[in-house]
Amino acid sequence: MVKICCIGAGYVGGPTMAVIAVKCPEIEVAVVDISVSRIQAWNSEVLPIYEPGLDEVVKQCRGKNLFFSTDVERHVAEADIVFVSVNTPTKTRGLGAGKAADLTYWESAARMIADVSKSDKIVVEKSTVPVKTAEAIERILTHNSKGIKYQILSNPEFLAEGTAILDLFNPDRVLIGGRETSDGQKAVEALKSVYAHWVPEDKILCTNLWSAELSKLAANAFLAQRISSVNAMSALCEATGADVAQVAHAVGTDSRIGPKFLTASVGFGGSCFQKDILNLVYICECNGLVEVAGYWKQVIKVNDYQKSRFVNRVVSSMFNTVAGKKVAILGFAFKKDTGDTRETAAIDVCKGLIGDKAHLRIYDPQVSEEQIQRDLAMDKFEWDHPAHLQPAAAGADKQVSVVGDAYEAAKGAHAVCVLTEWGEFKGLDYRRIYEGMQKPAFVFDGRNVVDVEKLREIGFIVYSIGKPLDPWLKDMPAVA
């Protein structure tokens with residue numbers, strides 16, 4: 001019986017191992033983490049992350065061949081294959097601060113593997129890591145090997161939150177990178193045989209280590225670039241009277257381009273896009289590729305511009321001040337069907353409005369008040385450290401209240417900002433919301449989910465990203 005252990009019980013490790021366990025009943029899978037509360041949650045009725053379909057998969061095999069444990073060293077020692085899925089935050093100080101990945105947690109995991117191992121192991125990079133990380137890990141393991149052989153593989157995840165379980169059951173591809181030696185290729189085949197339980201062989205791509213590591217960064221950079229491209233167009237659409245949805249549809253029907261990731265919004269978020277592009281920028285700079293680094297840096301700049309443009313539009317439309325005004329924030333997660341708030345555009349938008357002394361009433365169906373307050377109190381990049389190493393939550397911000405539904409959020413508000421495309425926001429009774437708001441009543445739709453014409457008929461002044469401007473807004477400056 002092959003034994004698999006995954007270090008790190010987060011958004012990647014938990015769902016990935018659950019699907020391996022359910023698809024490979026003869027393999028024993030252990031997910032380990034030093035966070036007691038996180039492991040307790042994985043063993044409870046309320047899992048620590050929200051992902052459609054995850055509950056059913058975990059409950060199907062938990063306690064049979066899927067185990068969640070804090071006994072990290074025992075499970076690592078017993079495993080044949082060790083996946084490492086730990087945090088790789090962006091460095092906040094020292095060499096490469098603000099761009100380079102901090103591999104502290106990765107290195108400590110590698111040293112622990114070397115300390116406790118009593119048999120040969122395949123060590124699999126699951127976290128997103130910079131190119132050549134495998135080489136560094138290999139050196140740590142080799143210099144502490146005590147005669148034990150290790151093979152390092154890169155097996156990056158390509159999951160989209162909200163559809164992670166579907167992505168795992170039916171992936172576009174599984175990528176495995178290994179050394180081009182006989183032992184390296186045996187390790188690749190061993191991991192390939194695990195995925196082959198349910199993934200067709202032509203979808204399992206085998207490359208060298210560096211290609212696999214770089215492919216993950218490149219894939220996220222390409223996706224983020226598409227979002228920044230359509231968001232750049234949204235600004236031009238507003239200036240010219242074009243409709244970004246129509247432009248994106250016309251562009252996306254070209255088979256060479258395709259329609260995916262061409263939805264204009266207040267900006268991309270999530271744990272990977274910004275972090276991976278900054279990482280890519282740093283690697284390019286380190287290799288003297290200044291123009292290439294500048295090209296990718298622009299993707300982040302456009303994303304930041306889109307968020308600040310949205311805040312400026314809100315403030316300038318409301319007589320150049322939101323001081324003391326109630327603003328309803330609908331949605332805080334970085335996208336629908338997830339409770340994940342990492343790098344969500346809502347954080348920057350809320351901080352921008354708070355900076356102008358607005359009073360925010362926030363509602364999101366999947367994000368807790370504690371998480372929202374913590375996110376708004378944290379500095380950039382702090383979210384990507386384990387919870388016990390994050391700064392203690394400060395007292396709740398007096399300008400922010402978190403409420404239980406959209407109607408409560410909008411009651412008495414001067415404006416409503418839609419920041420996550422939750423389905424329920426399309427079906428709200430906007431006439432009821434209008435009647436309970438201060439007048440003039442504004443809707444700023446950062447996700448293009450509302451029916452603009454219907455809301456204008458009700459009486460709202462509506463701003464929707466990349467859409468022809470409301471007559472009210474045409475006379476207002478785009479920047480406060």
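Every residue, even glycine, has its Cβ placed from backbone N, Cα and C.
Annotated active site, nucleophile per TrEMBL: Cys272, in sequence order. The NAD(+) binding site annotation in TrEMBL covers 8-13, Asp33, Arg38, 86-90, 127-128, Glu161, 272-275, Arg342. Summarising the annotation, TrEMBL assigns domain 'UDP-glucose/GDP-mannose dehydrogenase C-terminal' to 328-452.
Here the domain 'UDP-glucose/GDP-mannose dehydrogenase C-terminal' (328-452) has a mean pLDDT of 91 out of 100. Here the residue listed as 'active site, nucleophile' is positioned 21 angstrom away from Asp33 (NAD(+) binding site), judged by their C-alpha atoms. Here the Cα atom of the residue listed as 'active site, nucleophile' is found 11 Å from that of Glu161 (NAD(+) binding site). The candidate set comprises the binding-site residues Asn87, Thr90, Gln274. Of these, Gln274 has the most other Cβ atoms within 10 Å. Other Cβ atoms within 10 Å of the Cβ of Gly8 (NAD(+) binding site) number 26 in total over all chains. Residues near Glu161 (NAD(+) binding site) in space but far in sequence (CB under 8 A, at least 6 apart, same chain), listed by position: Tyr11, Glu51, Gly270, Phe334, Lys335, Asp337, Thr338, Asp340. Summarised by DSSP class, the composition of the domain 'UDP-glucose/GDP-mannose dehydrogenase C-terminal' (328-452) is 41 helix, 19 strand, 65 coil. All protein chains shown were included, and the count of other CB atoms within 10 Å of the CB of Cys272 (active site, nucleophile) stands at 27.
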